[in-house]
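**Student:** Could you have a look at this structure, given as structure tokens, before my questions?
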Amino acid sequence: MDVYFFVMEITSFLKLLSQTDGFGFGIFVIGCSSQFFNLVFLCCLLLLGLKFLSFKGTSLFLQYLEKINRISPNIEFFNSFNREHKDCNNNNNNNNNNNGFISKSHLADGLDQKKPIILHWSSDSTNRLSWENCDLLLLRDGLDHIQNRENTVALSETELDEKNHHGEEEESEDEEESQSQNDEDQLLDVITLRTMVKRERKRGDYMKKELEKERRAAESAAEEAMAMLLKLRMEKSVVEMETKQYKRVAEQKQVYDQEVIQSLQWMLMKLDDDEDKIQM
């Protein structure tokens, strides 16, 4: 309602502002300054309204939290009920419609020891039946629950120890199997390595034989090549000697021919002289 009145007042005030042409004095009334101030004032009003709403919302939220805190002590969680609670349960079932308890179906479901149940206690309950006995029974239930929890923890620890022991045995068996597999793998690796070494040795011997054959063939080819070179050198030397001889013979023949030509020329000249003398 407060918010409604506040909004109504704001709307009426906005109507008044829209009806006025401007406010101020002197130079502030000139031009569009009145509209600018109206806008600024509207922004301020909006901020104030938001602050008021946020404060109102937080106060409502705090009131809601206080109500929850008032109701929460009246809610209790139970883990199990035994057959010794028949009196307390009968009283609770008789006062189910008056004291605001849960229905019989929910209570029957809650009697299972493995399921927790929630009892909503009303603030205006007038019939208080054997609260002390119920508290004692609830304390006993809590102690039994703690003992059961300790027993379950001990059993879980023993189970964990057994599981760890079985796990260690399985790990040891796995390690033995892995060791045996590793030994077998090592044996297989050794056998394969031996076969590979033998194969490589055979291949090496074969390659050595082939290299020896190639070396011998290369040596024989080199010897043949050397013999051919020697033969060619000898032939070359013979040819050179023959060419020298032919050249010398040709030179001697040329000299002889020149001498013969000169002698013939001298004889012709002599014959010409003799003929001239005879004609005279």
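Start at 1 and count along the chain as shown; that gives each residue its number.
Each residue, glycine too, has its Cβ placed from N, Cα and C.
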**Student:** Which of these ranges is annotated transmembrane segment in Swiss-Prot: 1-21, 22-42?
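**Tutor:** Checking Swiss-Prot against the ranges 1-21, 22-42, the transmembrane segment one is 22-42.
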**Student:** Same chain only, please: residues at least 6 beyond the ends of the compositional bias 'Acidic residues' (169-187) with a C-beta under 8 Å from a C-beta of the stretch. Say none if there are none.
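**Tutor:** Answer is none.
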